[in-house]
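Structure first, commentary second.
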Ligand code: ADP
Ligand code: MG
């Protein structure tokens with residue numbers, strides 16, 4: 001099936017599958033360009049529904065729900081990746097879907113994802129498929145330490161088992177097979193690139209950034225990453241290669257490790273706006289959400305130029321919400337809240353972008369005073 005090349009100008013309706021904060025910020029960017037947004041979500045209220053024109057409520061895999069949703073939209077995109085293959089096929093039957101269902105299927109499954117990334121010619125952490133307990137016997141030869149990851153539905157470090165040695169391996173029971181075993185990489189930094197590719201094949205990469213995690217959840221993003229220009233460029237080249245290999249139409253986050261031995265390894269891809277691109281909202285004229293909307297509607301993609309440096313800091317429930325009053329009073333800090341009522345432990349409630357003149361991102365020592373905990 002050849003993909004649709006139709007352009008959807010402002011005034012048309014964009015369908016977004018998923019109702020979370022990524023959908024909310026995409027809908028706000030779409031509204032700024034004069035689009036209407038229709039959300040598909042399982043619950044009747046959600047961060048995205050609150051800012052969208054309308055919504056269909058129902059299961060992501062129910063054929064009647066998907067049909068009702070698609071009929072309300074001109075073009076369909078995602079903020080949530082885990083729609084079944086059957087659901088994706090149905091959506092594609094009714095409307096152009098960007099990025100394609102095929103790309104979503106790749107990103108949903110770590111085995112498919114690694115296979116396609118290897119085909120794109122990018123380097124990955126050494127990996128092995130573990131189909132059942134008998135395959136665990138391969139691990140001592142493969143080498144410890146390893147990280148076992150579920151092949152599907154992982155996020156914020158969930159569905160991962162870290163195994164330091166054979167003794168720890170022998171203590172594991174009832175693992176959720178299939179799994180992917182990955183060598184634990186000794187990395188200097190985690191980097192990511194947001195890459196957009198338009199209907200005409202135009203590729204735009206935002207600057208390479210550094211991501212730091214806390215308790216498996218993204219904590220801060222430094223934009224730009226404090227690295228050599230050649231490495232930042234190599235990361236953008238890798239992201240471009242992947243976007244082209246997958247024939248992406250839309251936006252994609254590419255997570256990478258910069259290993260201590262100097263190599264750049266791709267960790268995973270997310271074909272949608274990504275938490276590590278939130279800094280663009282206050283440091284770029286066109287942010288990741290507008291770039292996403294432009295790519296899926298077929299509008300031109302402007303250069304992903306950064307006009308300022310930025311530190312993005314996630315606000316995680318419940319403790320970080322206490323910082324909101326001081327953030328509101330601070331200079332140079334742009335607050336984004338997602339409108340979630342229930343500040344559960346580990347829940348992403350919002351983020352704050354602290355902005356600096358270009359080239360003036362504070363060094364490591366100053367960072368700690370800017371980001372009090
Ligand atoms: P998720 O889907 O939860 O984001 P990731 O595969 O990105 O899953 O893993 C979450 C985090 O765990 C990464 O950002 C990184 O900090 C760490 N991690 C994952 N894989 C490895 C690895 N092979 N070596 C070292 N650290 C890893
Ligand atoms: Mg990840």
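Every residue, even glycine, has its Cβ placed from backbone N, Cα and C.
Remember, TrEMBL labels are computer predictions, not curated facts.
What TrEMBL annotates here:
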type	residues	note
BINDING	110, 149, 154-160, 182-185, 190, 213, 267-268	ATP binding site
DOMAIN	114-297	domain 'ATP-grasp'
Open item on the list: Return the residues near residue 267 (ATP binding site) by Cβ distance under 8 Å, restricted to its own chain and a separation of at least 6 in sequence.
Closed with: 125, 190, 255, 256, 257
Open item on the list: I'd like the Cβ neighbour count for residue 110 (ATP binding site), meaning other Cβ atoms within 10 Å of its Cβ, all protein chains included.
Closed with: 22
Open item on the list: These are the binding-site residues: 155, 158, 182. Which one scores highest on other Cβ atoms within 10 Å?
Closed with: 182
- [ ] Might you list, by sequence position, any residue in that chain lying six or more from residue 185 (ATP binding site) with a Cβ less than 8 Å away from its Cβ?
- [x] 125, 257, 259, 265
Open item on the list: I'm checking region-level scores; what's the whole-number mean pLDDT for the domain 'ATP-grasp' (114-297)?
Closed with: 96
